Amino acid sequence: MTVLELSQKWHLASKLTLSNYLEICKIKVVLMLVLTAWIGIALAPDMQRGWLAQIMSLLGIGLLSASAAAVNHVVDREIDKKMARTRHRPIATSQLSISSALIFAFVIAVIGCVLLLIWSNLLCTLLTLGALVGYAVVYTLFLKRATPQNIVIGGLAGAMPPLLGWVSETGTLSAPPWLLVMIIFTWTPPHFWALAIARKNDYQRANIPMLPVTHGVAFTKLCIIAYSILLAIVCMLPYLIGMSGWIYLLSAAVLNLLFIGKSINLYLHQCEQRAMALFRFSISYLLLLFVALFIDKWWM
Ligand code: HEM
Ligand SMILES: CC(C)=CCC/C(C)=C/CC/C(C)=C/COP(=O)(O)OP(=O)(O)O
């Protein structure tokens, strides 16, 4: 083998390893979590910490979220092997060993904690660690396998980042960021159940008690409508307490009308593609809602 061939092989192997590590971090989800944490910082009272401290805090929150995602991949490897959507994952296919994944998760968690301790504060570090344990242990190891309410309760961990961002800035707990947590908390069930309807057979095969498996698709669709209405109500709270203005109110009204409309549409039609479309819409919805919160705060 020539030196050129060897270097090409090494290049390919390292690219593959990097993409495996990125995959177990659930990088797109983590980017969304970091975005919501950033809005938490942007809406908090300005503590004159400067942009470097804010970026480092977001990096810390992102690293701890990625660590939680990596642990989820290790804990769920047997389930992942049984589901069409997840059976190509690096740990499920043994492309990445359990020990490498756990060492990786530990190292990035330690770096994340150090960043948060240096650039934010102890309360933010502890709360972020709490969210990590909430997702990687409480949701993944216990709730996911135990009850169809798994994602309702477990959703709290993923809903925490706006509060984490706010606390990284202020060092104290206060009421306004909890409203943002409540928004993501209420958004999570329709976000996930839409996907669970489309992937019902996967969950059935893996023996995971997701709502469409235990209570049927029609009931799950009704729950999605109920949560989308609740979400619309919760979304009004930032305006009602004077935290956000009319740009946010208008954006939230349009987005929620669309969400409710699409949920009702899903109930009225038996079509797997509509469920996937609602799942994808839920992601754009959250992105646009949080961008609207930001624009509302900084353009007025
Ligand atoms: C317990 C709570 C949650 C559950 C059970 C859940 C479930 C899922 C699942 C199963 C997927 C599909 C992943 C895949 O295709 O491999 C997904 C995708 C996604 N979720 Fe969630 N989710 C939750 C919370 C959140 C939160 C809090 C956020 C952001 C704030 C979020 C953002 C996203 C995004 C951006 C994607 C698309 C990822 C991609 O395209 O690769 N999720 N979610
Ligand atoms: C520190 C902090 C904020 C932690 C939150 C971590 C985090 C990555 C939350 C996202 C929730 C999520 C993607 C759940 C899906 O898990 P699943 O196992 O049901 O989905 P899967 O089958 O795709 O793995």
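Glycine is no exception: its Cβ is also placed from the backbone N, Cα and C atoms.
Features of the protein shown, as given by TrEMBL:
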- 21-45: transmembrane segment (TRANSMEM)
- 51-75: transmembrane segment (TRANSMEM)
- 96-119: transmembrane segment (TRANSMEM)
- 125-143: transmembrane segment (TRANSMEM)
- 150-167: transmembrane segment (TRANSMEM)
- 179-198: transmembrane segment (TRANSMEM)
- 219-241: transmembrane segment (TRANSMEM)
- 247-268: transmembrane segment (TRANSMEM)
- 275-295: transmembrane segment (TRANSMEM)
Which listed range (21-45, 51-75, 150-167, 179-198, 275-295) shows the maximal number of Cβ pairs under 8 Å with respect to the transmembrane segment (219-241)? 179-198
Of the listed stretches 51-75, 96-119, 125-143, 179-198, the one with the highest count of C-beta pairs below 8 angstroms to the transmembrane segment (247-268) is 179-198
Between the transmembrane segment (21-45) and the transmembrane segment (125-143), are there three or more C-beta pairs closer than 8 Å, counting only pairs 6 or more apart along the chain? no
Flag the pair the transmembrane segment (150-167) / the transmembrane segment (51-75) as in contact if three or more Cβ pairs fall under 8 Å (sequence separation 6 or more). yes
Against which stretches of its own chain does the transmembrane segment (51-75) lie, if we need a Cβ under 8 Å and a gap of at least six residues from its ends? 24-27, 29-31, 33-34, 37-38, 41, 89-92, 98, 101-102, 104-106, 108-109, 111-116, 118-120, 124-125, 128-129, 131-132, 135-137, 140-141, 157, 161, 164-165, 168-169
